[in-house]
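Asks: Let me give you the structure first, and then I'll get to my questions.
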Amino acid sequence: MGARRCGDARRARLRDRQGGKLQDPHPGDAADDRGAGDRGRPRGHAGDPRQDRAARLRQALRRTLRRGLQSGDRADRRRALRRVSGTATLPAPLRAAQALRAGVSTLAAFMAHVAGWNYIACALFITFDVVARSLFGFSSKATIEVTGYMLAGGIAWGLAHTLARRAHIRVDVWVNRLPLGLRAALHLVALLLLGGFAAFCAWAAYGLVDESLMFDAHDNSALRVPLAVPQGIWTFGILAFCVMILVLAIESVLSLILGRREELDRLLGSRTLEDETAEALEAVEMAREGAR
């Protein structure tokens, strides 16, 4: 009997213990337990830059997807309200500089589209010349010269739009770690140096066109193309690049004087994760529309 009572008592204590484990703990106890457990865990992974970058990328994707999934009217109204509220507080000189930049950016975007179609035409022309030479025995005899002009003009006409979209290749590992004030000033210095180089290229290109016009120079191909024509197209692209740099420099100087370093950093700094995400989603949307 005594052994049976001892066994029953042990089974009762075991049931009570298991039942206590299955019950929901109090919130305070759970928080205390978590804190106690976390204190014993290593925290070396908390400052991992790769995890921080991945977290920022996830946040940018969520924000961009949320904006893209909204109804068109609602998203447009929100963007319009943000533009109105943002420009209403800007000083008049800065608003004028932004309007000027928007106009030049529109022209630069058109020139970039022309440059893109120019490359497609260049590829088609080379393909036709190769096929015609192989199958039909004739050639334009000007493939190298004409495609060289087209490539040079396409590069020059795409410079301004590339600068406006901040798509140039940058090595900015060190610059992005600097304080905002110093980073904004360095952005402006880099833009002014780029403007000086572009002005030198434009001056040299103008001298080349002027010399070709003076001597009525033609190329050595069978087409006898006047050199001033392709050189003039090339020079116009470089001049548009200089104008874009000038417009950006005016807006950047005004932003720096008015103490708007964040806007200057967004204008001239590297593309953010949100910018890259928005561009990727825009490309996906364009591909979907093209497939319909």
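Using N, Cα and C of the backbone, Cβ positions are placed for all residues, glycine too.
OK, TrEMBL features for this one:
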REGION    1-53  region 'Disordered'
TRANSMEM  104-126  transmembrane segment
DOMAIN    123-252  domain 'Tripartite ATP-independent periplasmic transporters DctQ component'
TRANSMEM  146-164  transmembrane segment
TRANSMEM  185-206  transmembrane segment
TRANSMEM  233-258  transmembrane segment
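Situate these features within the shown structure.
Replies: The list of residues near the transmembrane segment (233-258) in space but at least 6 beyond its ends in sequence, with Cβ under 8 angstroms from a Cβ of it, reads 91, 93-94, 97-98, 100-101, 104-105, 107-108, 111, 115, 149, 152-153, 155-160, 163-164, 184-185, 187-188, 191-192, 194-195, 198-199, 201-202, 205-206, 208-209, 264, 267-268.
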Asks: For the transmembrane segment (104-126), what are the same-chain contacts with Cβ under 8 Å, counting residues 6+ beyond its ends?
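Replies: Non-local partners: 140, 143, 146-147, 150-151, 153-155, 157-158, 160-164, 237, 240, 243-244, 247.
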Asks: Can you give me the average pLDDT across the domain 'Tripartite ATP-independent periplasmic transporters DctQ component' (123-252), rounded to a whole number?
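Replies: Average per-residue pLDDT within the domain 'Tripartite ATP-independent periplasmic transporters DctQ component' (123-252): 92.
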